[in-house]
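*Asks:* What TrEMBL lists as domain 'FMN hydroxy acid dehydrogenase' is 1-378. As annotated by TrEMBL, glyoxylate binding site applies to 25, 165, 276, 279. Annotated FMN binding site per TrEMBL: 78-80, 107, 128, 130, 156, 252, 274, 307-311, 330-331, in sequence order. Taken from TrEMBL, the feature active site, proton acceptor covers 276.
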Ligand code: HOC
């Protein structure tokens, strides 16, 4: 296959290289997947203004997210089980992001651990935290993120209970996982993936196994995970985590104006307008459709980021135009990783950078700081 030209082509390649159960894990949304789809399609409904005869010679995409310099306003989102798209996936993606000058966010539910990622990077990465019911474990994770010199904590608020993803249930990707001969076959038909996976020892949740109380193998891990998301998580807990962490804090999973107002009062550094990639509340609005209202309500009080549905540089530009200071890509980098390992993550970032740069120029803008609602057509 020729070198992929856009994220859609990277996705097609990943589908051919990654065993179905793991490709589907990345590619799934909750229930009917309506919100998952809306995250993407609502971007298509936003139209840009084409401008001409503007000097476009010197252009810059560089900006900051929570005051930290980024080469473009795109971070890699925290994604669970990334090391199952490709062996050592989190380490490879972190290296690609570092070389590109954009933040990498390691998920609590990653395969490679905080220490694994720290061992192959030279600049700070961000760490995403789920507040588990075992608060000693949460404290342990925060201490490890501090020891690894993570430069931001991304606290996820929209997963107090796990949404239902039909593809995962059909694929047996549940707690505990149900392995059948079908899975062996799915893996056997992906020999390159298997070869890489055989070379690494990292095939389980690296932040959890050996760190959480009584979690030593797959079966103890499954039962632990199933009961650990905290249905009683509260704004008081957010304040406690902020205190415990003591560094830059980003609150992820805000999709409602009232919640955005509460989040702004916490003193966090940023919020991420997000519906967890359509993986939690099916029927919720898309992230991009909620962005303008949230910006209007709290944009003068807190920095606003957006995640969900970004598949191109045009989407990044639209989110920035509607008030986001930064955006996150999850699936686009996972497709790159599944398709071509570290080179694929780099390619996903290159594709988005090129699209963003050309789109910005054709909208008559030369610097990312010049992008505002003016580039959106009525
Ligand atoms: C079995 C554990 O962010 C996702 C992740 C977190 C889920 C943990 C599942 O898939 O949305």
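Every residue, even glycine, has its Cβ placed from backbone N, Cα and C.
In the displayed structure, how are the listed features positioned relative to their neighbours?
*Replies:* Per-residue pLDDT, averaged across the domain 'FMN hydroxy acid dehydrogenase' (1-378), gives 95.
Under DSSP, residue 165 (glyoxylate binding site) is assigned to coil, being neither helix nor strand in the three-state scheme. Note on residue 165 (glyoxylate binding site): other Cβ atoms within 10 Å of its Cβ, all shown chains, come to 24.
Cβ-based neighbour count (10 Å, all protein chains) for residue 274 (FMN binding site) stands at 26. According to its DSSP assignment, residue 274 (FMN binding site) is coil.
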*Asks:* List the other residues in this chain whose Cβ sits within 8 Å of the Cβ centroid of the glyoxylate site residues 25, 165, 276, 279, in sequence order.
*Replies:* 28, 29, 30, 80, 163, 168, 277, 278, 280
*Asks:* Measure from the Cβ of residue 156 (FMN binding site) and count the other Cβ atoms within 10 Å, all protein chains considered.
*Replies:* 23
*Asks:* Fewest neighbouring Cβ atoms within 10 Å: which of the binding-site residues 78, 80?
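*Replies:* 80, out of the binding-site residues 78, 80, has the fewest neighbouring Cβ atoms within 10 Å.
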*Asks:* Should we count any of the binding-site residues 80, 165, 330 as near ligand 1, judged by a CB under 6 A from one of its atoms, and which?
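*Replies:* What lies within reach of ligand 1, judged by Cβ under 6 Å, is 80.
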*Asks:* Calculate the distance in Å between the alpha carbons (Cα) of residue 330 (FMN binding site) and residue 279 (glyoxylate binding site), and round it to a whole number.
*Replies:* 12
*Asks:* When you put residue 156 (FMN binding site) at the centre and draw a 10 Å sphere around its Cα, which of the binding-site residues 25, 165, 276 have their Cα inside it?
*Replies:* 276
